[in-house]
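Undergrad: Take a look at this one; I'll ask things after.
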Amino acid sequence: MNMPQLSTIQIGDHELAYLDNKLTSAVTPTIVMLPGWCGDHHSFSELIPQLNDTHRVVAVNWRGHAPVPHDVSDFGYAEQAQDALAILDAIGVDEFLPVSASHGGWALVQLLVDAGPARARAGVVLDWLMRRPTPEFTAALLSLQDPEGWVDSCRALFHTWRPNDSDWVESRVERAKEFGFDMWARSGRVISGAYGEHGTPLEFMKTITPERHIRHLFSTPSDSDYVAPQEAFASENEWFSYALLGGTSHFPHLEMPDRVAAHIVELAKNTYQAGAMR
């Protein structure tokens with residue numbers, strides 16, 4: 001099945017774009033895709049077809065990102081969650097399982113809070129930095145806010161996220177330029193601010209009341225310094241789980257969409273169709 005057609009809807013002062021396969025025979029829940037900053041529904045072009053035949057799938061685009069990137073007033077992850085929920089309300093989505101890419105995870109956690117446990121019992125976060133930012137990443141977030149250096153900072157980040165693929169990196173740099181300096185600078189500010197406010201995503205997840213099951217799927221880093229704290233957190237919090245997928249990039253939904261989809265389907269079955277948290 002091909003990607004659904006892009007639709008738009010007016011939410012407040014913003015025209016927001018989204019995909020919806022409108023599968024009427026779908027099993028519960030609807031799968032809702034949330035991209036990272038300066039990304040859009042194309043981020044899920046490999047993952048959506050894996051789920052299209054069984055689930056209703058909706059992919060949300062953030063304000064100012066689609067159908068064509070454009071300037072908007074300032075916003076953060078709280079507004080992203082509000083926009084996503086407004087779209088879901090408008091198109092008649094009741095129970096849903098959100099899936100976020102990278103730092104779309106901040107919006108995913110806020111969306112779980114805003115939607116409540118009756119509608120959103122679980123979430124999947126894809127390759128979200130679970131520890132405090134390293135000095136190098138902190139510097140990169142600052143560089144994104146430099147009108148003279150943001151493009152080079154994007155290029156360096158892309159090399160880190162998908163090494164040994166220079167053609168892909170340059171294609172992403174050209175795509176990055178379409179979103180423009182203001183949006184990339186905003187991403188740096190919001191991501192830095194989120195870590196400053198919450199410490200780590202794991203600490204932010206603990207603020208969800210009542211708790212929801214969240215699964216982290218990632219491939220890198222794979223060293224024990226990164227994985228062990230997640231293992232310890234999972235042992236102390238039964239609602240958190242993780243899976244190390246064994247890939248090489250920051251994009252498991254592009255690199256191994258079948259494995260990501262299998263985790264989504266399994267979590268959906270256990271937490272929605274079975275009606276219990278596991």
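Cβ coordinates are placed from backbone N, Cα and C, and glycine is handled just like the others.
Quantities reported herein were computed from a predicted structural model and do not represent experimental measurements.
So Swiss-Prot lists these for the protein:
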ACT_SITE  HIS250  active site, proton donor/acceptor
BINDING   HIS103  substrate binding site
DOMAIN    29-158  domain 'AB hydrolase-1'
SITE      ASP127  site 'Increases basicity of active site His'
Undergrad: Let me know how many other Cβ atoms fall within 10 Å of the Cβ of the residue listed as 'active site, proton donor/acceptor'.
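TA: So the number of other Cβ atoms within 10 Å of the residue listed as 'active site, proton donor/acceptor' is 22.
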Undergrad: List, in sequence order, the same-chain residues at least six positions removed whose CB sits under 8 Å from that of ASP127 (site 'Increases basicity of active site His')?
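TA: Result: ALA101, SER102, LEU217, PHE218, SER219, THR220, HIS250, PHE251, PRO252.
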Undergrad: Within 10 Å of the Cβ of the residue listed as 'substrate binding site', how many other Cβ atoms are there?
TA: 23
